[in-house]
Amino acid sequence: MAAAPANPRTGSLKAQLPPCYYEGYLEKRGAKEKVARRLWTCLCGNTLYFFNNSKDTNYVEKLDLSGFVSLIDDPSRDRNLEAARLNLRMKDGEIKLTAPNLEARELWKGFLYSVVDLAVPTTLTLLPGQLHMLKEVVEKEKMRRKARASSRAPSSPLSLPLVGEIPACFRPVSRTEAEVLLERHPDCGNMLLRPGRDGSSLAVTTRQDLNGSVFRHYRVTQKQQGGYIIDVENPIPCPTLHDVINALVEKTAGTLQPFILEEPYEENITFVSSNDENGERTLHCAPTGPLSRAPSLPPKQVGTDRWSLRSQTRSPSSSPRSFSPSGSPSNSMRRLVLSPSPLSQSLTDELKQKLEKRRTSQE
C-alpha cells in the first residue's frame with residue numbers, strides 16, 4: 001500500500017494529529033520507489049506519519065495501518081552494518097523499512113503490533129520497562145478508538161413507528177440495493193422508503209426513465225417534537241411517513257408511485273418424509289380435503305340428575321348441616337328436589353321425640 005502524500009499546509013499540523021506513541025528515524029522505500037528515503041516517522045494512533053526531519057510540522061506522507069497484513073524481518077545486509085531491515089506488508093503493497101539497529105527494530109515491531117492487534121506482543125525480545133510502555137499504548141489506543149466511535153455515532157438514533165404506521169413501500173435495503181430493486185421490478189412502482197446511511201434518518205429512492213435509468217435520493221429526517229421533514233431546498237413537513245409518500249406522489253402529479261413488491265406464497269402445504277427401507281427422502285403434498293374430526297363425547301349432565309342422586313343416597317335422618325337450602329344456587333330444578341317443607345317437618349318430629357325421651361328420663 002503506497003503511502004498517501006500529504007497536502008502542503010501551514011501551521012503546527014503535528015498538534016492536530018492523534019497522540020504519538022513512538023517516533024524516530026526510519027528509511028522507507030515503497031513498492032514504486034527505487035531509492036529509500038530517511039524520514040522522521042511518528043506512530044500516531046494507528047497511522048504512520050512521515051516528516052522530512054524531526055522539526056517539521058507538516059508531514060509529507062502517511063500510512064494507515066488498517067490495511068496491515070504482516071511485519072517480517074528482512075535478513076538482507078544493509079550498507080550500514082548496524083541497521084536492521086523489516087518488510088511491512090499491507091493489503092495492496094509492501095513497504096521496506098530500515099531501523100538504525102536491532103533494538104530499534106524490535107521496538108518498532110512492538111509498537112506496530114500493539115496498535116494493530118490492541119494487545120502486547122509476546123514473541124519479541126523486550127525489556128520489562130518496554131513491555132510496560134506497550135501496555136500503556138494498548139490502553140490509550142483502545143480509549144481513543146472508543147471515543148472516536150462514540151463521537152461518530154448519531155446523537156439521536158432513528159426510531160421507526162409501529163408496523164401499521166410504516167408505509168408498504170419501506171424496504172430495509174441500502175442505496176445500491178434500492179436502485180437494483182427499482183430497476184429489476186419497474187412494474188411494481190418507482191419509489192421506495194429505506195433507512196438512511198447515517199442511521200438517524202430515512203431516505204426515499206426513486207427511479208425514472210430518461211434515456212436510461214435516472215435515480216434520485218431524498219433525505220427524510222425525524223423531528224424531535226414528532227413528525228418528519230423531506231430535506232429539499234424548501235423543506236416539506238409531514239406528520240407521518242404515509243404523508244411523506246403522499247406528498248411526493250402529489251408533488252410529481254402521480255409520476256412517482258410507491259414500490260409494492262408482491263412476495264410469492266405457496267398454494268399447497270408440502271412436507272419431506274423419508275422411506276424407512278432405503279432412507280430416500282421425498283417431497284410430498286399434504287391432502288387438500290377437509291380435516292377429519294374425532295367423534296365428540298356426550299356432554300356431562302350437571303343438573304337435576306346429580307342432585308337427585310345425592311338426595312336419594314342421603315337418609316332422612318341426616319344431620320341438618322348437610323343441607324344448605326339458603327346457600328344453594330338459584331336453580332329451579334334444584335329447588336324442586338330440595339323442597340324445604342318435608343325436611344322441616346321431619347326435623348320437628350325428631351326434635352319432639354328427643355324432648356319426650358329427655359323428660360321421661362328426668363322423671
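Just so it is clear, glycine is given a Cβ too, placed from its N, Cα and C backbone atoms.
The annotation compositional bias 'Low complexity' is assigned in TrEMBL to 309-347.
The compositional bias 'Basic and acidic residues' annotation in TrEMBL covers 349-363.
The domain 'PH' annotation in TrEMBL covers 19-117. Mapped onto DSSP helix, strand and coil, the domain 'PH' (19-117) counts 19 helix, 48 strand, 32 coil.
What TrEMBL lists as domain 'SH2' is 161-265. Helix, strand and coil counts from DSSP across the domain 'SH2' (161-265) read 27 helix, 32 strand, 46 coil.
Marked as region 'Disordered' by TrEMBL: 273-363.
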Within the compositional bias 'Basic and acidic residues' (349-363), residues counted as helix, strand or coil by DSSP: 14 helix, 0 strand, 1 coil
Whole-number mean of pLDDT values that fall within the domain 'SH2' (161-265): 89
